[in-house]
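*Asks:* Have a look at this one before I ask anything.
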């Protein structure tokens, strides 16, 4: 099997084996927190490391890309005054009143004319927002409203003219056709929105569903690319040395735990980009991630399964057989179900959109332990279930069992998750310590 060309000597926290260094691109939790130990005051917390990687990335403003706003549920509140929110305005969930106030303040330079009769720290609500404009503007900025998002009168005029021109009917022309004679599908939806025959005739993805799928697929691609950059930092798989030596066994175990850390980081990065996830409270974010991470890792493992070689490939170049899993310290009772699940998933033949939707559905599982707002989690899950149902009916209209088969795989993952818990317990009996991040995500208490 292939291995990275560089060896690193930074110890994995808790087991004394090598692990990737903790530079800005490292998959470990130093990426954003700079400390491997929990921050002061968080000792004893079961989620100190997870909280760190859930924090927003501190990246330059110019690198942030505008994406579609998460779907509104109808009961969101304005981040400025607490009134009912109407949508995302100038980068913040806010009401129409605060949206208009912020725009007027920026366009007409109101900030220089506002004054506070108090100490400049007025508490803002639907009543006080009319009483103190200076503190209202301050609260707008604290909530995250960006002046650069506000268009000037001239920009608005040009945008209005451009929109009117786009709405004018184009000259008649023949629609572009695909090789099958149907109009070509829009990019990113695997032609699902344009396919249809038999039972699937007439079903179409809504514009919101197409946008959702495109966003999820793009987010997965972005997270995968970020993981590839961490490949050279992984402890090399020992080659040539005595495979039964203590050093070789430790190195193989460190290699696998570092791959797991990269995978966890990738899953957290993806979850933060799934519309609706960051609307949840921090406790529910942590609860959902703790319960779903191993199941998503198994889905991604199945995605990388090669039925011809009966091997699984991670990070493009790391390929593992059943024997490799066993040499890394995993039990046959866990290895065999992984490969059986991977073969079953391959028979379903999921594409990128189906995998992304299935992972999003898995994340928003309201019955997870310690979830504080299960009804809200369930409401966030529903649009992804509906999108997957429509997508599968369009893509495979003759296969009416495809959608329920996919959902049944989530049930299989629950069983595999239980087997994984037994595997983690077995590692403890072998005195193999997991890095802190994995210990927290899998609730391992030393």
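Any Cβ shown, glycine's included, is placed from N, Cα and C.
Pulled these features from Swiss-Prot for this protein:
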- 75-152: DNA-binding region (DNA_BIND)
- 17-28: compositional bias 'Low complexity' (COMPBIAS)
- 175-196: compositional bias 'Low complexity' (COMPBIAS)
- 395: SUMO2 cross-link (CROSSLNK)
- 433: SUMO2 cross-link (CROSSLNK)
- 208-446: domain 'NR LBD' (DOMAIN)
- 1-69: region 'Disordered' (REGION)
- 1-76: region 'Transactivation AF-1' (REGION)
- 159-201: region 'Disordered' (REGION)
- 205-446: region 'Transactivation AF-2' (REGION)
- 78-98: zinc finger (ZN_FING)
- 116-140: zinc finger (ZN_FING)
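Provide an account of the burial state, proximal residues and distances for the features listed.
*Replies:* DSSP assigns residue 395 (SUMO2 cross-link) to a helix in the three-state reduction.
Along the domain 'NR LBD' (208-446), the predicted structure has mean pLDDT 82.
Within the same chain, residues 80-83, 92, 94, 97-98, 101-102, 105, 110 sit at least 6 positions outside the zinc finger (116-140) and bring their C-beta atoms closer than 8 Å to a C-beta of that stretch.
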*Asks:* What is the number of other Cβ atoms found within 10 Å of the Cβ of residue 395 (SUMO2 cross-link)?
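*Replies:* I get 20 for this one.
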